[in-house]
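Listed in TrEMBL for this protein:
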- 130-205: domain 'CzcB-like barrel-sandwich hybrid' (DOMAIN)
- 213-282: domain 'CusB-like beta-barrel' (DOMAIN)
- 291-346: domain 'CzcB-like C-terminal circularly permuted SH3-like' (DOMAIN)
Amino acid sequence: MHLLNNTFVKRLEAVDSSSITSTYRGLSAMSRNLLDAADKPRHVGSGMSCQHVLQNKFIVCLILLITALHTLTAFAHGEKIEISDKPRGPVYLTKAQEKIIDLKLAKVSERPLAQLLTLNGEIQLLPNEQADVTVRISGNVSALYANLGDQVKKGQPLVKIQSRLIGDPPPSIIINSPMTGVIDARNISLGQAVEPNTTLFHISNRNRVIALAQVYEEDLEKVVVGQTAYVHVLSYPKKTFPGKVILIEPNLNSVTRTVNVQIILDNQGNLLKPGMFARAQIVLQESKNALTVPNAGILEGNDEKFVFRSQGNKFERIVVKTGMSDEFYTEILTGLAVGDEIVIQGNRQLYTLWLTGSSSPAKEDHH
C-alpha cells in the first residue's frame, strides 16, 4: 500500500512514457473522462455548488486509487508477483529518479546466522530435583529449625515432632532434609497437630530448571534431542539463558495440537522461578560465516526469489537461491558474491519498471 504515495506518483511521471503499460494508459484515460464528467454536473435546481464539484472529483480520485491499489496488490510485502516469460533487460535510473524512490543499497556480506524455531512455554522444576517432607507418626510440632526460603543441606534438621504416645518424657523424633535445596513451601507451625503422611515441607534444588515449551505438530520433525536452545523471560529481557533439548514428550495435546519439549537450563543465582513465562528459540541450523543479505532486499515472483543488483546506474534482476534466515537476514546460496550491492529500498518500484520493459539507459535531467 505504501507504494501509492507522492514519491511513487512522481517516479511514474519521471519515467519515459514508452515504459508505461496499457494498464496505466487506461487509468489515465479513465481519469480524464471521469473528471470531465465531474466538471459537468446535471442541472438540479439552481445548479451544483463548487463544493459539490470538489466532492465529485474527490470520489473520482478515490475510485482511481482503489483501482490502482487493485492493480498493484501483487507488490504488497510477502506476496508473489506473477510475471510473463518475456526476456527483459536491466533497469537504468538517473540520480534524480533514485532520489525520488528513496533508493537504498546494502552490501552482501558474511556473518553468523542461525535458523531458529520460536516456542512459548514456562519455567518448571526438574521432577527429580524436588521432594516432599512427610511424617509417619501422629503428634505435635514441638520445634522448628527451618523456615520458608531457607537453603538447606541433605541431612539438616528441619522439625521436631513430639509423639502422642505415653512416656516421660513423651517420645519425639527429628525429621531431617532428604536433599540439598531451598524450602519453597512450609505447611506447619509450632504446636500444630500432625497426622501420618502430612506434608510438612517442600524442598527443591533450583541449580538447574527446565523450560517446558510447546511445539506445534507441523514443526515437530524439526526438533531433536540435543539441539541448542536460547530462552528469554520477561523478568530479565536483556539476559539470554542457553540450554539444550533433553526430552520430546511422547503425547500430543489434542486441543492445542502441540507436544511438550523440555529444555534444561543452568540457573545461576536462582533467577529463573517456576511458573515464569518463557520464550525459547531452538537452533535448527547455524553457520559462522553465512553469505547474507537483508530480508528487505529479496522479492519473489513466478516461484523465484530474486534481488536487484546495483552497478552504477544499472540495476539487474538476479535470481538467487536462499538458505536459512532469521528476523533480519537471509542466507544466499547462489547468485551473489561478497561485496555485491543490492537494492533494499525502492526494489519494488524497480520491479515495476522491469515489468514494463525499461531496458535502455535513462538520461539525466539537466534543468
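Going from the start of the chain as shown, residues are counted 1 onward.
Cβ from N, Cα, C; glycine included.
Note: TrEMBL annotation is automatic and uncurated.
Across the domain 'CzcB-like barrel-sandwich hybrid' (130-205), DSSP helix (H, G, I), strand (E, B) and coil residues number 0 helix, 39 strand, 37 coil.
Mean predicted confidence for the domain 'CzcB-like barrel-sandwich hybrid' (130-205): the pLDDT average there is 93. Remark: secondary structure over the domain 'CzcB-like C-terminal circularly permuted SH3-like' (291-346) totals 3 helix, 38 strand, 15 coil, with classes taken from DSSP.
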